[in-house]
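Trainee: Attaching a single structure in structure tokens format; questions to follow.
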Amino acid sequence: MTHVDIAATIAPEDKLSKTLLKDIKVNEESIDIIELRIDQWPSFNKALLNEVIKQLKIFHLKILVTYRTSVQGGKGAVNEQEYLNILSELIECPQFDMIDIEWSSAVNIEKYTHLVQRAQQKGLEVVLSHHNFQETPALDELKFIYFKMQKLNPDYLKLAVMPKSQEDVLHLLEAMSLTAKHTTCRIVGISMSSLGKVSRIAQGVFGGTLSYGCIEEPQAPGQIHVSKLKSMVSFYED
């Protein structure tokens with residue numbers, strides 16, 4: 001059994017509204033990390049990012065900045081070089097605590113390893129993530145993805161996949177559990193949609209360390225409100 005932190009995903013279109021700030025405050029005890037999605041902005045806006053981070057600093061919570069590309073289910077319509085440029089800008093001027101870096105089998109290992117190392121040198125924790133919104137690969141493939149990702153030595157390995165059957169959910173949980181026993185990285189495994197909700201609430205049972213929830217509208221299939229998620233996760237930790 002591992003301890004599971006709760007990340008609340010927000011995706012503001014502009015600066016944070018008073019309503020959202022109030023909702024964060026009301027649910028602050030259920031949250032460990034604020035995941036700030038910025039891929040929904042028309043373009044990368046450093047000034048706006050700084051303003052939003054300044055707003056979030058009133059809370060005593062870690063801030064994870066994520067730019068999710070359209071290839072991995074986000075709204076960021078950029079090519080790989082543009083994505084790398086955004087990451088580099090974020091890394092060089094960090095006013096936050098954690099950064100999400102996407103992984104795929106096509107990435108240049110040397111280039112991305114350097115990116116991970118640079119982020120860590122700047123004091124950032126790196127969530128190396130891979131998302132498949134179409135399916136859940138076979139068990140051996142899931143284990144291989146985790147294996148390949150850990151070669152970059154990030155702080156977290158995050159794998160999120162779409163289940164089509166109960167067996168798909170079980171395969172994700174098994175891959176997460178097996179990987180957790182053989183790596184020093186912290187593990188995150190998400191089986192998306194309602195079918196996979198057990199992966200969000202029982203992370204710790206299978207070696208997972210981070211579960212993503214929502215404050216307003218879900219930002220991913222199957223996300224649970226943070227207050228309910230915290231309660232459910234805590235049930236397994238008692």
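Numbering starts at 1 and runs along the chain as it is shown here.
Heads up, the Cβ atoms here are built off N, Cα and C, so glycines get one too.
Note: TrEMBL annotation is automatic and uncurated.
What you are looking at is a predicted structure, and each value in this text was computed from that prediction instead of being measured.
Feature list, courtesy of TrEMBL:
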{"type": "BINDING", "residues": "Glu35, Leu36, Arg37, Arg68, Arg200, Gln223", "note": "3-dehydroquinate binding site"}
{"type": "ACT_SITE", "residues": "His131", "note": "active site, proton donor/acceptor"}
{"type": "ACT_SITE", "residues": "Lys158", "note": "active site, schiff-base intermediate with substrate"}
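Show me how these features fit into the structure around them.
Mentor: Contacts of Arg200 (3-dehydroquinate binding site) defined by a Cβ separation under 8 A and a same-chain sequence distance of 6+ are given as Ile190, Ser211, Tyr212, Gly213, Gly222, Gln223, Ile224, Leu229, in order along the sequence. Arg200 (3-dehydroquinate binding site) falls within a helical segment according to DSSP.
DSSP assigns His131 (active site, proton donor/acceptor) to a strand in the three-state reduction. In sequence order, Arg68, Gln72, Gly73, Glu102, Ala160, Val161 constitute the residues six or more apart from His131 (active site, proton donor/acceptor) in its chain with CB-CB distances below 8 Å.
Other Cβ atoms within 10 Å of the Cβ of Lys158 (active site, schiff-base intermediate with substrate) number 26 in total over all chains.
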Trainee: Roughly how many Å separate the Cα of Glu35 (3-dehydroquinate binding site) from that of Lys158 (active site, schiff-base intermediate with substrate), to the nearest whole number?
Mentor: 14
Trainee: What Cα-Cα separation, expressed in whole Å, is found between Arg37 (3-dehydroquinate binding site) and Lys158 (active site, schiff-base intermediate with substrate)?
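Mentor: Per the Cα atoms, Arg37 (3-dehydroquinate binding site) and Lys158 (active site, schiff-base intermediate with substrate) stand 16 Å apart.
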Trainee: In which DSSP state, out of helix, strand and coil, do we find Arg37 (3-dehydroquinate binding site)?
Mentor: strand
